[in-house]
Every structure is written in structure tokens, then in C-alpha cells.
Amino acid sequence: MHPLPPPTSSRRRETQVNSKSSHLGDFINLSTRYPYEHPPTIMQAVSDLQSDLNSLLGHRSQPGPLSYGTAGFRGKAETLHEAVLRCGMLAACRSHSLAGRAVGVMVTASHNPAPDNGLKLVEPDGSMLHKDWEVAATEFVNAFDNPPAALAKMVKLEDVPRQGKAVVLIGWDTRKSSAVLVDLACQGVEVMGGTVIKLGLVTTPQLHFSLRARDRKEASALEDYYTALRRAFGKLVREKRAVLPPLAVDCANGVGAVAIDAIRSALPAIAVVNRANDGPLNKNCGADFVQKQRKMPEIYSKAVPKCKMWASLDGDADRLVMFEKRDGGIALADGDRFAALVTQFISKHMKQGGVGGLSLAVAQTAYSNGAATEFLSKLQGVQVVTAKTGVKHLEKAVRKFDIGVYWEPNGHGTVLFSDKAVGELTSAKAKLAGEHDGSQQKRSLSTLLAVSALANQAVGDGVADLLLILAILSREDMTTSEWLRLYEERRSSNVVVRVTDKSVIVTEDCDRLVKEPAALRDAIAKASDEEGCRAFVRPSGTEDVVRVYAEAPVKREGKANEMALEIARAVYRLCGGVGERL
Ligand SMILES: CC(=O)N[C@H]1[C@@H](OP(=O)(O)O)O[C@H](CO)[C@@H](O)[C@@H]1O
Ligand SMILES: [Mg+2]
């Protein structure tokens, strides 16, 4: 469905924005009429502009209430126009409220199909949008009765400084619908007196990295991102350069190929397939497909590399999984395996580096395989914590520790080093300045510092993670097959069910238990009542589906599938299933 045309009143205004490229050329730019050079306060501005906001907002169709979900607003691209315009406004308000520190807007729907799109807001330090603003954003994008009142309520959240000059960094992935949405987001920013900096076509982690680097005055250009990765990778593998096996990277027909190309000089034996124009975004390929289906991705590129070792990114390159091609299928190294390898490596070097006093934690979600949890729990000095699904929750869970590893099984994760940890590692290394570089303690400290420079410190990053994993495998002289033998995964099954209203399902205990409806909770308990088995259900935060997960011991072949099917049927029956009866 197309957006409604702008109201006639606004067409007559003289202060029009932009130009030829924007189909919204008819819209007014309130900031031109209302100079924000010295705004009284944003609150005051909003109330002065009441009637203009009335004519700007609420005129594009939105099929139903949107929720901020696991990773921002998502939906069919054409249904998001009003929300994206408002998010641009919100991003500017957030930046105003932080005295002009830059806020980020990423236009992407990650692993979702090409017709979808979405928008995610990022804090100046590269972390996910503050919880209160997430709630405010949700209220604002869904307020159709009196949008200016909702905007006023939102800006009241903080004592917005008088002189704050808002700055918003905008990035987008390869979706065709991005151009229109980016225009709308820019309109929203400018309406609120903010300045837009277009980062352009970027991976989601590049936007997070750029914000953090800008906020810490460490870097300003995207090239700095690539330089940081190449340099840190070089330091890590210089220690012991085992020959890296040839590798093929499936980029899900998305933006990741651009980033992989830029770091190719560090990885000579690499073939890149499924580039942006090779085929439909994320269709039968990419990290999500490979992890959920446990199948080789479809290769749309002309030449299919004959490698044993593969990696798949998702559409916006914040997720990565790796796999070995084997007869009749693949052996998958998912996010759990990344967490196991990385945590083991870090804990070893913390011990050897004499910095065991720093705390080390690893966060997982309910989807993490029980065998991985068991493996991690046995590592000395490592605390294993569970968080709700979604990077925003995992990040929060590990920020409490000096060094925090988090990964979702679907390949989204990183290692976060607190400023305290980096400070201690640096000063411990400085104390050893007199010792020769070959000392194990000094080498371990350098290794940890290189890991902190390679792993994206703002958010999980598929490209940085690829380099990190390859460096660790090379340093440990480990093949992918050996890595895959660190533990034997329990059998698991993922099923999705469509229902009329997924919000009837309320979960607790980090998604591991259904609170409501009670009948569904009982059905799950009954289906999974066997030693070593577990199952849970939660409404997806990115798609209009309910997800069912079931896990069973290796020896109980078929049990995970059986449980998942039984529970999916219960969801269908008890929560208003739609489509073909299960
Ligand atoms: C089971 C699963 O893989 N869920 C994914 C998916 O969220 P859902 O809320 O489950 O749709 O997308 C999120 C964003 O990419 C990711 O953080 C999360 O892990
Ligand atoms: Mg993604």
C-alpha cells in the first residue's frame, strides 16, 4: 500500500524540503520555519509547532500497532513510512537530550526477506536505544489520535538542554526500499532541528562502531573501522601464523560482501559468494537460513567455490555462522560454538597473563544448546548467565563484568572489554616492559588487547567475528573439525507457528517459561517431562510468528522433533492458530 498523499494545506507552504530525490518534496521543513539555532527547549518548540506537526504526522497508512521488538521496528517496507519519519524525529530528540551527542538510525530488516524493512535506533556509545526511549518510541509511532501530544510526552522524558545541537548518523543496507525510508528518516531529523550525517550503505555493526568511535573521539571515517580490524587481526595471527585453510563466505546477497572485500587483503584464501546483486536477499542463504535449516546455502554467484570451510553472514552482516561442508550436508559451528571457543581462549590468556582478578562472564539465551552451557560452566573462572533473547538483553547482562562474551546460537555476538579491563591489561603489560616479547605473560596480555581491538566493542559483528574466529583457530592450531568436537550438541528443533495475536503469549524466566496462557504452559511441561529434555515457546520480536524450541539428549533421536511438533500443535490450538491446521 502506498503512503497517503500529503494534506493539501502542507502543499501550499513555501518552506519545502529537498528536492528532486524525495517523493516527500511537498512536505514542509519545520526547522526552516522555526530556526533551532537557539531553541528555547524542544518542549517549547513542539508546542509552538503544534499545528504544523498536525499536518505532517498521521497521514501515512500503518496497518496496526508496531512494537519495538527484539531489534527495532520491522514490517513490510511500505507500511513503515510514518514510523520511520517519526523515528527520525525521535532520534533528533534523543540527540538533543544528550546535548548533541550523535544518535544512530539503521535502516535494515537484517535476516528478514527483501520486501521487509525496519529501523533500529542506536545510542551515542554504540549500544542499543535506552529502555525508556524504546517505550516512548513505541508510544509515539503508534499515536494516531494526537501525534503532537505523544511527541510532547516523549520529549518530556529528559530535561532537554537549550543549546543541544542534534546530530543523527544514518546507515542502511541493500534493500530497495531503503532509499524512501532514509529520506523519511532524514525529514524527521531535520524537522526537529537536527543535522543528518549519512553513513551510506553499511553493515549494522559499522554504524554502531562509527557512533562509538565518534563519541570517544577515536575515529571518524569508515576506513578507520577496516584499519582497526586489519591491524588487530594482524597482531593476533603474527604470534603464530598457521596457514589458514581456504574459506568461502556466503554474504546472503546483502551488504556484507562490501565489508569482506575491504578486509580481503588480510585473508588471502577467501572466496566471496552471494553478493548484493547476485540473488534475493536472505533467500535460502545467509546465517539465519543455514543455522535454522542446517543446510548448505543456495549459491547464486556464477562460480561455486570448492572449499570445505564456509561462513555465512546475514543480510546486514551482524551475524555469522561457520560450517564444514560434508557429504550429504553440513556440520555447523553456530554462535554457541563461537562462545565456547572464544571464552576458552580468553580465560586461558587471562590466567597466563596474570589478570585472573578480572571477572569474565559469558551470556547465552534460552536457545543456547544445553551441551554448550555445560561446556562453558566447566571453564575455570567463567560465570555463565542467561539473558532474554535479543542482543540488547545479552549486552546488558555482560556489561556488569570486566570481560563479557555473548553469543546467540544464530551467530550474533561479540566480546566486550570494559574500560577498566583494557586499562588493567595495558598497565600490566607496561609493567613488563623490560621483559623480552617472548615472555608468555606478556604475549598473553598482548593477545587479550588484540582481541579487545578486533571484537566490535559496540555490538556483534559478523565480519569482525570471522577474523576473530580464524585468528583463534590459527593460534590454537585447531581445525574446524577439532573445534566442532569441543562438545557434542544435544538434539534440538525449531518450529514456527502463526497465530492471530502472538501477544497472548507472555513469558518469564528469560523466555524459558510461559506465564500465560496457563494451558500452554502446562502443555509444554507435559510434552517435555523427560530427563534431559526441555522446551519453550515465545512470540518472535521480529516476525509475526510464535517460535517453539525443543531440546533432547543425543541418545533420544527424534524426541526433539516430536516435542516441538506436539507443542506447536498446542500453540495452534490454544492461541488462535492461523493457516493450515498442524
Ligand atoms: C530465535 C532467534 O534466532 N531469534 C532472533 C530473532 O529474534 P526473534 O525475536 O526471535 O524474532 O532476531 C533477532 C534480531 O536479529 C535476534 O536477536 C534473535 O536471536
Ligand atoms: Mg542481522
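Every residue gets a Cβ built from N, Cα and C, even glycine.
Just so you know, TrEMBL annotations never went through curation; they're auto-generated.
Annotation source TrEMBL lists domain 'Alpha-D-phosphohexomutase alpha/beta/alpha' at 102-136, 151-215. If you look up TrEMBL, you'll see 223-321, 334-476 marked as domain 'Phosphoacetylglucosamine mutase AMG1'. The domain 'Alpha-D-phosphohexomutase C-terminal' annotation in TrEMBL covers 498-567. Look at TrEMBL and you will find 1-24 tagged as region 'Disordered'.
Across the candidate stretches 102-136, 151-215, 223-321, 334-476, the maximum count of CB pairs under 8 A to the domain 'Alpha-D-phosphohexomutase C-terminal' (498-567) is reached by 334-476.
Take the domain 'Phosphoacetylglucosamine mutase AMG1' (223-321) and the stretches 102-136, 151-215, 334-476: counting Cβ pairs under 8 Å, 334-476 has the most. According to DSSP, the secondary structure content of the domain 'Alpha-D-phosphohexomutase C-terminal' (498-567) in residues is 22 helix, 21 strand, 27 coil. Mean predicted confidence for the domain 'Alpha-D-phosphohexomutase alpha/beta/alpha' (151-215): the pLDDT average there is 88.
Secondary structure of the domain 'Alpha-D-phosphohexomutase alpha/beta/alpha' (151-215) per DSSP, as helix, strand and coil residue counts: 31 helix, 13 strand, 21 coil.
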